[in-house]
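Per TrEMBL, compositional bias 'Low complexity' is recorded for 9-28. Annotation comment: TrEMBL describes 556-634 as domain 'DYW'. Residues or ranges marked as region 'Disordered' in TrEMBL: 1-28. For 205-235, 236-270, 306-336, 337-371, the entry in TrEMBL reads repeat 'PPR'.
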Amino acid sequence: MSTARFTVSPLSLPSQSNLQKQNQNQNPPWIPTPQLLCKYPILRHLSSCKTLKDLTQIHAQTITTGIFSDNFVASRILSFAALSPHGSIPYARFLFYRIRKPDIFIANTLIRAYAFSPNPIDAVVFYSEMTESSVVFPDVHTFPLLLKACSEIPSLRLGEAIHSHVCKLGWSSEVSVSNFLVQMYASCGLIESAELVFDRTPECDGASWNIMIGGYLKCGVFESARRMFEAMPDRDVVSWSVMINGYVQESRFKEGLGLFQDMMEEKIEPNESVLVNTLSACAHLGAMEQGKWIERYMERKNVRLTVRLGTALIDMYSKCGSVERALEVFHKMKEKNVLAWSAMINGLAINGQGKDALNLFSQMEMQGAKPNEVTFIGILNACSHSKLVDEGCGFFHSMTSIYGLKPNAHHYCCMVDLYGRAGMLDQAQTVIKSMPFKPNSAIWGALLNACRIHGDTELGEQVGKRLLELEPNHGGRYVLLSNIYAACGRWDRVSELRRMMRERQVSKTPGCSFIDLGDTIHEFVAGDSSHPQLEMIYAKLGEMSQELKAAGYKPDTAQETALCHHSEKLAIAFGLIKTDPGTTIRITKNLRVCADCHSATKLISKIYNREIIVRDRCRFHHFRDGSCSCMDFW
């Protein structure tokens, strides 16, 4: 595989920035206009209303004074119930049917609430009831909300029914309706239908182009999205945001970073969404230098460190192995929500600082921040990777007993992993038997990995067969079970697994490693033979092999592939060539680090006096002076 380079140069900074400018906050729809307030002073209480109980008291006063019969008053009460975080959609529905003559504005408010709720199908149900009873007649603003609901479900059948109704009422040429029809069809995977609606729209606006591009990206038609983006008559920050976010959310991180660079070169100033998604791309690729550049850009442009941006920076630095910088951002944040706390706790956990993660969780509790399910995944991972079995059990039980949270499959998987890594395989099996649902492949995979670590071939064989039944096309399961057989010399079983893979046409996921060299990300795959500096890299590998042998290193012959060609070894060799002595080498790997590479990298860090940070599929390994931060417990 050829190397990929993505450079973001400070020279491409826009000359001015509007990022620090704050948008003027619009009043919520339940806040009365000055004219309405003069007429009905009682409505002033809506500005300070914080609970549903407060709202019911205001509602009662409007009834006793008789002003609830005015639709302008009723609409404000219903808007609060429907759209405020302190409201209640069922109460809004109750209000709707007690309004003497509700109008379409009031009905659309309730449809909007349903469309953006956890149960968007209720928007369509309410619309159906509304039309059947002829309470009110829909207008052009009704259908974008209904189509939004159909996109969220998603339901092609309901979307097509709404489309049919749109055509009957003669609103199919309305651009706002067409835009949401495009979004609905794309959300349901019918990109051809989305194209047809787009092509038939009489006057497309900027939103039309952006929605169509977003539809292509959502359906994985990246080439069409890129062509349409390039053909846009006027590309603004929203257009760039759609493209960058679409690539990142579909795990095409390198392309996302490349687009961000192009955006900077065209002097288009990024919005918060672009910055967050680009930081996410940096996190997944281990591109810390480019992530640092974004942070410097934010500081230079006086971009306010919002909770969302701060959390993205914490996640980026944590996933690049720099816990210290992640903590700096965390402590600098003036406002923190549960996502920020959870990101920092998980960052400490995956970097092997389990006790620090537990201490931070205690601080979170003391500051009154309520943990959620994601927080506990981080806490349980911290316990699992640090062999804190008793602590992990305590936290698992506190989820229900203290916080009223119901453990899901991720939490049970963490518990199986916790017991399994500690060699307590019986307890791990007990956890699986006690689960209120059937174990998934991730849970069985955690137990299989524990069998590999502790050499339990008999149990490993049983679990491995279950996994192959669940995931017959998952190459990694065959490899893990094969390594268990190879470790105990059962080569006949290894050959049988290879035969099964050939018959089922299952291939192994190739090992792939990224190394961040300042403004460039280089990619290597196992056995890479296409790198332009291949001769130099393999010469360095030869030198490394001689040094390792002199230090007493013996390769693990139980592994299947040529060990010296593993992707992380290629990346390390390239890093040693291209960086100054003493520089930290940072590598991101798509698979779990194998035992041989782990042993070799420990010695390499001592031989070459380098800190080598490797992020594998599960955690970080900080190699320094011949040892690893995981203490060989991974």
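We count from 1, first residue shown onward.
Cβ from N, Cα, C; glycine included.
Given the structure is predicted, the values throughout are model-derived calculations rather than measurements.
When averaged over the domain 'DYW' (556-634), pLDDT in the model lands at 83.
Counted with DSSP, the domain 'DYW' (556-634) comes out as 28 helix, 16 strand, 35 coil.
Residues 307, 310-311, 314-315, 317-319, 321, 323, 326-327, 330, 377-379, 381-383, 385-386, 388, 391, 403, 405, 615, 618-620, 622, 629-631 of the same chain sit 6 or more residues outside the repeat 'PPR' (337-371) yet have a Cβ under 8 Å from a Cβ within it. Sequence-distant contacts of the repeat 'PPR' (306-336) (same chain, six or more residues past either end, CB-CB distance under 8 Å): 272, 275-276, 279-280, 282-284, 286-288, 291-292, 295, 298, 343-344, 346-348, 350-351, 353, 369, 516, 586, 613, 615, 620, 622.
Counting residues of the repeat 'PPR' (236-270) by DSSP class, helix then strand then coil, yields 26 helix, 0 strand, 9 coil.
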